[in-house]
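K.L.:
Below is a structure I'd like to ask you about.
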Amino acid sequence: MPNFIEGNLKADGKKFAIIVARFNSFISDKLLDGALDSLVRSGATDSDIDVVRVPGAYEIPLIAKKLAASLKYDAVICLGAVIRGATPHFDVVVNEVSKGSAQVSLETGVPVLFGVLTTETIEQAIERSGTKAGNKGSDVAIAAIEMANLVDALQ
């Protein structure tokens with residue numbers, strides 16, 4: 001029988017940073033609420049969580065790198081909403097934010113979780129921030145807890 005290694009869903013004793021884009025705040029604030037709720041329900045306290053606001057999603061990777069490189073956090077959670085418009089701006093922002101966030105995780109060894117909604121419409125973003133499709137902020141926070149514990153288990 002193989003040995004299975006996986007992270008648990010206990011947040012107590014872990015430190016989390018949450019980066020939240022202010023652009024489309026009517027969505028990202030709901031994602032933040034979901035993330036905070038999941039972290040606290042899993043055992044994190046307010047003093048275990050730092051929330052950093054940035055102007056928009058494009059600014060997330062730089063701040064993620066600073067937070068992860070500080071080694072003060074067991075995981076960094078990135079939240080925001082990029083909604084497609086009439087120009088190619090959407091593709092540029094989404095590509096850079098997703099690649100940048102992943103690169104930070106690989107460079108630092110700190111889990112950086114991508115909770116930036118990338119939707120075609122405002123309705124899709126609303127659905128994913130607490131209505132029909134659940135709250136992706138909550139989902140990403142749960143994944144952050146699991147990844148923080150998995151990284152610890154592998155050390």
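Even glycines carry a Cβ here, placed using N, Cα and C.
Grabbed the feature section from Swiss-Prot, which reads as follows:
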BINDING   F23, A57, Y58, E59, A81, V82, I83, F114  5-amino-6-(D-ribitylamino)uracil binding site
BINDING   A86, T87, R128  (2S)-2-hydroxy-3-oxobutyl phosphate binding site
ACT_SITE  H89  active site, proton donor
K.L.:
Which entry in the list of binding-site residues, A57, A81, V82, I83, A86, has its Cβ near the fewest other Cβ atoms, using 10 Å as the limit?
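P.N.:
Taking A57, A81, V82, I83, A86 as the binding-site residues, the minimal 10 Å Cβ count falls on A86.
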K.L.:
Rounded to the nearest Å, what's the C-alpha distance separating A57 (5-amino-6-(D-ribitylamino)uracil binding site) and A86 ((2S)-2-hydroxy-3-oxobutyl phosphate binding site)? Just drop the number here, would you?
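P.N.:
With distance taken Cα to Cα, A86 ((2S)-2-hydroxy-3-oxobutyl phosphate binding site) is 18 Å from A57 (5-amino-6-(D-ribitylamino)uracil binding site).
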K.L.:
What does DSSP assign F114 (5-amino-6-(D-ribitylamino)uracil binding site), in three states?
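P.N.:
Looking at the DSSP assignment, F114 (5-amino-6-(D-ribitylamino)uracil binding site) belongs to a strand.
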K.L.:
Would you mind reading off the Cα separation of T87 ((2S)-2-hydroxy-3-oxobutyl phosphate binding site) from Y58 (5-amino-6-(D-ribitylamino)uracil binding site), to the nearest angstrom?
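P.N.:
Cα-Cα distance, T87 ((2S)-2-hydroxy-3-oxobutyl phosphate binding site) to Y58 (5-amino-6-(D-ribitylamino)uracil binding site): 16 Å.
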K.L.:
Let me know the largest Cα to Cα distance in Å among the 5-amino-6-(D-ribitylamino)uracil-binding residues F23, A57, Y58, E59, A81, V82, I83, F114, as an integer.
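P.N.:
Between the most distant Cα atoms of the 5-amino-6-(D-ribitylamino)uracil site, 16 Å.
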